[in-house]
Amino acid sequence: MIFSSQNYVSLISVTNFVPQIGFVSSIFFGLILLILNYHGAQKMFGSYKFVISAFTMLGMLFATAEIIVYPNAHNYKAGMLFFSFTESFGLSGSKTKNLPLVGYTFIHSATMSLLSVQFIYRYWAVFDVNKLQCFKGWKSVIWYIYCSFFGFQYAVFFLYWAHDEFSPEYFREEVLLRYNANISSFPAISCVAYDPVDGSVRWWNVIGIINVCSVMIVQYGVMIYCGWSMHTKMADKIKHFSKNLRKLHEQLFKTLVLQITAPTLTLFLPASLIMLLPILNLDISIPSGVMLCSFTLYPAMDSITVMYVVSEYRITAKKIFKVIRKIIIEINQSRTEPTAPTSAS
């Protein structure tokens, strides 16, 4: 067995510290992006600024959920354990303590879904401008429904697993060995793909794994399709655009390329590996929470990517910096100017 006798208690501090870094950086860079988005950088973006802002705010919410829930994961043979040593919102009842973990999975799926919506917008902005009406007014509700649908689809099976009485027993000795803890004493959702006694398939658990993976496949497929189509066809399509608009589309495409690479490494690959390992039923014991904690770094990475690649953000940032610098200089000058002496009475 891989890692046959190791104790993983020391890794808990790591999986709790990384989300704290992700939270601070996501809030900091997210707020900067929002400020720039509504103080000059939005002039060339049209309704796309709302998509960027929505994703940034959802990313900030996702990072906040991380430090509230502090989710962790563990893979053991045919099972996957999703747990937390924190009782979020003081929920400690057997029927309520796992709800924050379920809510976290909803936000995680909605974040991936909204990321794919950005790719849909950019694809239509180049190849079918008329469809951008779907991002304006009441029609924009479509995308809230889209993200919520996949969020619920993702979360519903975690909610089902939260009420599975068999799976926690499968992990009881493993959790005691690896984390010196009783699995009944903290929030934990577990999924076991095969019965350890007779090796039979536990179909509802396998269907749940397939369902969760299908959500990721759909979102990633949308991103790859739109990204590849833009890569192969965009140059010919935008050659008739104005110079400034052509430059903007090229910069936004570079942003999308990075927005595929970063979530591939921090969202899709770790989540896919954690979910698919139970089906493989390998003789392993892996503290996969180390991979899970990378999720919270993505929102900050996305904000930095957008601000770095799109020149409009850099220009706006420089303008705001000059205004702030001018104000600071004026304040300092007013403090250093000598006051006129008052005449004695």
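Just so you know, glycine gets a Cβ as well, placed from its N, Cα and C.
Look at TrEMBL and you will find 20-38 (among others) tagged as transmembrane segment.
According to TrEMBL, the feature transmembrane segment maps to 50-70 (among others).
The annotation transmembrane segment is assigned in TrEMBL to 101-121 (among others). If you look at the transmembrane segment (101-121), the same-chain residues 6 or more away from its ends with a CB under 8 A from one of its CBs are 48, 51-52, 54-55, 58-59, 61-62, 65-66, 69, 71, 82-84, 132, 135, 143, 146-148, 150-155, 158-159, 162, 187, 189, 215-216, 218-220, 222-223, 226-227, 256, 259, 263, 267-268, 271, 295, 299.
What TrEMBL records for 141-162 (among others) is transmembrane segment.
Annotated transmembrane segment per TrEMBL: 203-228 (among others), in sequence order.
The transmembrane segment feature in TrEMBL is assigned to 256-280 (among others).
Positions annotated as transmembrane segment by TrEMBL: 286-310 (among others).
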Distant-in-sequence neighbours of the transmembrane segment (203-228), which means Cβ under 8 A and at least six residues beyond its ends:
80, 109, 112-113, 115-116, 119-120, 122-123, 150, 153-154, 157-158, 160-161, 164, 167, 191-193, 256-257, 259-260, 264, 268, 271-272, 275-276, 278-279
Residue numbers, six or more beyond the limits of the transmembrane segment (141-162), whose CB comes under 8 Å of its CB atoms:
51, 82, 98, 101-103, 105-110, 112-114, 117, 134-135, 189-191, 204-205, 207-208, 211-212, 215, 218-219
